[in-house]
Amino acid sequence: MAKVQVKIPTFKLKSGEEIPAVGFGTWLGLDEKLEFKIKDAPKMLEAVMYAIDVGYRHIDTAHLYRVEPEVGYAVRKKIEEGVVKREDLFITTKVWQHNHKPEDVEASVRASLKRMGLQYLDQVLIHWPMAISEEGVDEKIDYLETYRGLEAVLKKGLTRYIGVSNFNLDQMKRLLANCSVKPTSNQIQVNLNLLEDDLVKYCQENDVLVVSYTSFGSMISSRTSPGTPEPRWDSPIMHEMSKKYGKTASQIALRFLYQRGIATIPKSLTPSRIIENASIFDFNIDEADIATLEKFNCGYRTECPVFFQNYTHYPFDKVENININEVPISLRKWKNGANLDIE
Ligand SMILES: NC(=O)C1=CN([C@@H]2O[C@H](COP(=O)(O)OP(=O)(O)OC[C@H]3O[C@@H](n4cnc5c(N)ncnc54)[C@H](OP(=O)(O)O)[C@@H]3O)[C@@H](O)[C@H]2O)C=CC1
Ligand SMILES: O=C1CO[C@H](CO)[C@@H](O)[C@@H]1O
């Protein structure tokens, strides 16, 4: 059992759902050879168990991440040990882009449940609005159809809630105008570099929780190359605020999002960071500092699949004159491999 335990509050939606304000991310990324860092899956298993011991109750995973078996094992183990009950946890997984046909959605969710050894999920998201097949993006499949597949899965009791990820403002408006069951959340990249004010405001006004991924933005050193915007971990502003609040730059980045009503799902395999990222509920960033932090907003995205940008359901602004060879190679593999070799 972890020595430190943190009580993580929830965000309560008007519709009654409650989602922890900080959850645990499980994407391991790709290695230098562009293979899934599957060799680190045992570390992820340990990390998820540790996170549950510390007090995390939301675990965010996906078919894509290839660690559903480890996540499921860790969850079952902690239930067996009596650390948590199944109903204390909020487990999210996602339907990857090659399963967008409505009839494939249920099969995808059932396969996730089987890999995890669980009876039900708490939330299932459409991972991206674009569908892909072996040939690349499949324009024939509209995300509204995919969402109908998710609504059917909900009716069957395979999951308690459904939602989306990487949906932009227009896609959210269209979805909300056409769905029978409202999405519980939209999981998007939002951080100090990318405030996404309009999208966040629309979601919040419509009782859809915004969940941030890549919450540290440009502060992660592996994402930093010349030209990457501020802040860094050791930028003078972050340094000053760290001193003032007695918190790390990462805690300030996460707290900033919390104070905007946005949940986060930081990933870490490092025990001290797992505790650090959950320990953001005992301080408050004052208004003047919030205004200072907001100045980092510059529309910068870390990795983003620009090679899909000419397709109808690509969610982001188009980048002009993009040279595909300048796109990070991991992303090129996503394009070329269509589905990142998901079985
Ligand atoms: N819906 C979507 O399309 C996407 C969803 N996600 C989800 O969001 C989660 C989080 O996003 P992700 O992009 O993984 O990255 P994060 O923004 O959580 O950053 C993870 C990296 O930051 C390091 N790190 C974590 N905490 C700290 C800290 N306190 N100080 C310094 N370094 C730290 C980790 O290192 P270490 O592990 O070595 O400690 C790791 O290298 C994912 O795991 C996934 O669940 C992510 C991307 C896209
Ligand atoms: O969830 C995810 C993890 O990271 C990948 C690469 O950046 C994303 O594309 C994907 O959506």
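Each Cβ is built from the backbone N, Cα and C atoms, and glycine gets one as well.
TrEMBL labels come from automatic prediction, so no person has curated them.
Small disclaimer: the values here were computed from a predicted structure and weren't measured.
Neighbours of Y65 (active site, proton donor), defined as other CB atoms within 10 A of its CB across all chains, total 24. Y65 (active site, proton donor) falls within a helical segment according to DSSP. TrEMBL lists Y65 with the feature active site, proton donor.
The annotation substrate binding site is assigned in TrEMBL to H127. H127 (substrate binding site) falls outside any helix or strand according to DSSP and counts as coil. Non-local neighbourhood of H127 (substrate binding site): A62, H63, L64, K94, V95, W96, Q97, S165, N166, each in the same chain, at least six residues away, with C-beta under 8 Å from its C-beta.
The domain 'NADP-dependent oxidoreductase' feature in TrEMBL is assigned to 22-296.
Under the heading site 'Lowers pKa of active site Tyr', TrEMBL lists K94.
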Counting across all protein chains, other CB atoms within 10 angstroms of the CB of K94 (site 'Lowers pKa of active site Tyr') number 26
Model confidence over the domain 'NADP-dependent oxidoreductase' (22-296), as mean pLDDT, sits at 95
